[in-house]
């Protein structure tokens, strides 16, 4: 299976995703420069964390205009997997590929910590190796991870099982403690926590593998939506 | 006012300029000398003492004098590191002052060709309980460090924060950066090869920090608050692009020399690279990209706009450089060339506007001052203190809790939680333990990093206090399982023209030199910040020691926290009646006096070597050095994190408060599995290290029984809640 | 009474946010954009107060809290 990681000016966690997928999980991974036009060959495209274009106006506001993003959108429209982590999640909401928006943390401070997440729906390409209600510990590192969305959309998301991860102790003020969501079609994931930072015992935690291995299982055909 | 006064020079210094150039300098030339001969750039008061530092060793690949020092860690890899102060800018505008401090030190590291992999920060503030201004400064500085480091994607993995009234008017912000580099990729700031091009890359030049360098060399007065245009604003996104572009450029072989534009901007970068390259340079100020209209050549030459680099490029390869730089969304322009004389010539179009010998501008050409020094009265006075002068407290539970919630000992989590300390997924030991540990990808190795300085000790006894700062840094490195390798020092002092302050500085340098020599940790880079005083009040001498150590097997990294019930706790080293300068004396008795603890370097080395051997053989569950707050605080610190308590028995002839809170040196707490006890005891005995078994990791309470009487009994949860929340509580 | 307070970076101060947004606007085709500076608009609802008093108070608010006068300038409108 082939993963592609988009590198924007200001991406920081591109290299972390690369190492987690390649060194720890043995996958085929390539970087995709923001100024390229095609992303045809990838089974899963990842928009990594960081501060794309400095994140100066709003987080993730400028990245959607990068040259590569038209192709990324086509990739997602075809039903292939697209994952946005942290800044990538912010970019996906700015593009309208995921509902809602991410605003400043309730305490107005950047927070770097490891938090407990509850898996709310295991029937997706991103969570199939988890158990329902499983608690996994995943690091967060963001200043604007406070998820907001209107009530109508929220109801729809609940009904469709689009809420995938919630915080056990809400760090940032997100509505319904939301940490990660997917689109209606369940092929686009956005989450503030960083699974790629939790893939090795040496770093004290490998719970992130539950998520990355779910993706690999799905791509290998080991799991089909019911 | 004379024209030389206006740029901060003396009549003698002005005459020295005339001697160098054989005529009166013009306005631009005078300003260039003014910034370069400021204390900040020339080290004119400190340089004569640097000869005492040990700066070489078989592992030192680059000592002081370059943008950063470099030390070998094996496997063809090396560590570049440097610490630098940004005290005065942070006092005026805490967010931008701290942010640009971080930005500046990162550029120093990648200017050597190294990839920055970690940041640390050593901060000092005034009495946070008393002043809102101190809270404002702390919040601003922490946000500035976070804003810059998080955005550029370099983890902030460690540092220290202390509070003391001596910093009420003068906060200290020292930023340290560490980078990794292969031996054959080391670059230096040399302008050599006649005809090679000088290229400028990065942000445009504005009127930022005009006079910033000389600004950092005068005491803060009320008027400084008015010098507002001097504030520099950091752009971490620009720096990220600059960093990636420069590292890619250095791989092409087209770059002869590289230098960041820091204090004194272009003037300093041109004169330093020309001097190191043993040649001359000619640049045209009209070619410098500018942010503002109508800038005078003086402003262009001394501007301290951030995120700019100077490249010396092999002639004919300029286009190649431009292409790589443009790929990263930046521009590079040729601003001049290397010449075959020793002159720094600045032109404005065709017109020569400055023409001076490059070396005369540099620190080698600047004057040197050997100030008078004098032992201050307080030093002798403090030694008269006897512990019998203070009453033994009643209720040790309360004393311990008061210490644990005091801002110097309380958890700094509120601060480091704002720093991304995990990005790039190499952080094996996170902030909070004795030293941070990072793995070195592609090897089995790791490095340990710390910064340390107990400035109360350094005030009461600058020489012994500075030695202790070095050995404490080494202890923290050793407790994480690493062998100490090298030091970068951030020397923060008052006005060196005052004899008592200069005495503190001189004593401190001698102390650091002695300890570094003993521990075989050479000083490979550093920074001096003088004039940290307001009116008559100077900061405590604060020589911050940044240290790096190496672990051959990063899997063996050790932390200070107790790991499992039943482990046996040993105390290494001896507890003596040493509470002079202690945190206990300061917090509980409101005294800042006494003779500081005695440091026996021979014993210190033996203990450190024994601990290192035990960790490397996998025999220890935890290791922690005893420092502020003594054994009582040390035990509490080991208990938290995992919430494991301890049952401790201390039998002693000392007064109870001395036994609990003495800060005697060369002491450690280790915990071992019962099965490993004999092996550990053998190592300690062979090393002639005194030790005693004091109890077990057990339950969820910290209980200390002394001479058959329970003196402390507290649930770990209660201790932890107080300790973890104290700083947040003080700020909010 | 209503007031609008504008806080912007001083002219002589670098504005990294503005620069980055200016470059982004150029990149997506707005090539006439030469300079962008980013500030804050703060809307304040004031109770019963004369215009003169409001001006005095707003100036104080800006100096004390709303603007960081080390690096920012301010102006206000009263409606």
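Residue numbers in this text run from 1 along the chain shown.
Yeah, the Cβs are placed from backbone N, Cα and C, and that goes for glycine too.
Curation does not apply to TrEMBL; its annotations are automatic.
Taken from TrEMBL as is:
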ACT_SITE  A:86  active site, nucleophile
ACT_SITE  A:194  active site
ACT_SITE  A:196  active site
For residue A:196 (active site): intrachain residues, at least 6 apart, with Cβ closer than 8 Å: A:13, A:16, A:17, A:19, A:20, A:21, A:48, A:85, A:208, A:212
Cβ packing number for residue A:194 (active site), 10 Å threshold: 28
Residue pair residue A:86 (active site, nucleophile), residue A:194 (active site) - Cα distance, angstrom, rounded: 7
Collapsed DSSP category at residue A:86 (active site, nucleophile): coil
Cβ neighbour count (within 10 Å, all chains shown) around the residue listed as 'active site, nucleophile': 30
Per DSSP, three-state class assigned to residue A:196 (active site): helix
